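Okay, structure first, notes after.
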Amino acid sequence: MKDVFRIEGLEGGQALRGKVRVNGAKNAVLKSMAASILFEDELVLSNVPHIEDVERVAELLSALGAKVGRNKNSYTIDTEGIGKPELDDAIARRLRASIVFSGPLLARFGRVSFPHPGGDVIGAGARPIDLFLEGFQKMGCTVLTEGDRYHIVADDGRLRGAEIFFISVSVTATETLMMAATLAKGTTFLRNAAMEPEIVALAEFLNSCGADIKGAGTPTIMIRGGGTLSSHGKVFETIPDRIETGSFLILGALAGQEVEITDCNPEHVAILTGLLRESGVDIKTTPTTIVVRANGAKFKPLHIRTHEYPGFATDLQPPIVVYLTQAAGESTVFETIFGGRLSYTEDLVRMGADITLWNSRQITIKGPTPLVGKELESPDVRAGLAFVIAATIAKGKSVIDNVYHIDRGYERIEERLRSIGVPIERVGS
């Protein structure tokens, strides 16, 4: 039996009130768990969200031979027992983040074998991993393919430093090659690197444990390779999830009498905050909280173009599209990261939205249009939460199926949303 969400819509009212806490960042903790392979001692991670993707990564580590323990929202990982650097097919094919294991395993063992990673299929299908493979080749590796499985071996038994230029900005490629370079022989330069806060947090923690990484958060990262790392009892505290922060902010902008978002970092969603204020939303921030009020005002339309950080995050594109269905006038959204990511808008149109899909990357939204509840199926983790937001402001009942995707990225989302007044329940279908 699989679960579904049932939501009784608020019909556009501003009824939400209270505090909602932001959990640790999914996109940070998955990479720090992979980084445990670089350590010669036990690694402790805190503020870890209890979500499907974290459980899959824990399974992947255990299948490799690591010892993984969980205590509430902390994980303890000991990778001393890892033998063969070969990723389990069944687990890795279900998880996009499995690709980041290739860097630490190559760095430690000089070889790695893994299947093409899984996770969300956005747009035309499987996402390419050319940037990873080209980077490994520049670091002195031979890459062999067998079906959709990759076998990579460092020619000298150890990675060597290299100058790597990314032809396109990639967060996971930046993180993977940065981790690989920490144990390589010599110095590595990553140019046109991604600049996300999760990369900065990972680099800062690795540096505190013996790595030598400079420039994280800029387009050029320099890594001087060395020996295995040691945590010396330090705890890696996962930074707040900026995508969760932004999603709560958009929900509060649409239906919040007064919603306080706690344990967040407003700086990480500064571009979203600025756009919502420009659109007419009342937002106040402190270093760790955001208070948002919808105020019943008419929202001004916006023109959104997704971009790598510090630009507008592609993962916040589905929620902002829901917001723009309620703006007075014509808005546009141009998706620069993932072609085909706008296909979920067909379901918003079924709910009553006036959205024109011009091509796989560009839409026009005319509003405001009242939304009505529908039966929906979550296509991926981010569009799934956008459907929850849309159902919350709609008239009537919505049923959202395939909530597994939502569980991959958001811990107990229905309980936390109920705490601020969202009429949502999880039921077995």
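Glycine is no exception: its Cβ is also placed from the backbone N, Cα and C atoms.
It should be emphasised that the depicted structure is a prediction, and the values quoted were computed from it without experimental measurement.
What TrEMBL lists as active site, proton donor is Asp120.
Look at Asn27 (phosphoenolpyruvate binding site): DSSP puts it in a helix. Listed in sequence order, Val171, Glu196, Glu198, Asp241, Ile243 are the same-chain residues six or more apart from Asn27 (phosphoenolpyruvate binding site) with CB atoms under 8 A from its CB. Taken from TrEMBL, the feature phosphoenolpyruvate binding site applies to Lys26, Asn27.
Within 10 Å of the Cβ of Pro128 (UDP-N-acetyl-alpha-D-glucosamine binding site) there are 10 other Cβ atoms, across all protein chains. As annotated by TrEMBL, UDP-N-acetyl-alpha-D-glucosamine binding site applies to Arg96, Arg127, Pro128, Ile129, Asp130, Leu131, Asp315, Ile337.
Per TrEMBL, domain 'Enolpyruvate transferase' is recorded for 11-417.
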Taking only the Cα atoms, work out how far Ile129 (UDP-N-acetyl-alpha-D-glucosamine binding site) lies from Lys26 (phosphoenolpyruvate binding site), in Å, as a whole number. 21
For Ile337 (UDP-N-acetyl-alpha-D-glucosamine binding site) and Lys26 (phosphoenolpyruvate binding site), what Cα-Cα distance in Å is obtained after rounding to a whole number? 19
Between Asp315 (UDP-N-acetyl-alpha-D-glucosamine binding site) and Lys26 (phosphoenolpyruvate binding site), what is the CA-CA distance rounded to a whole number of Å? 12
At the level of the C-alpha atoms, what whole-angstrom distance separates Arg96 (UDP-N-acetyl-alpha-D-glucosamine binding site) and Lys26 (phosphoenolpyruvate binding site)? 12
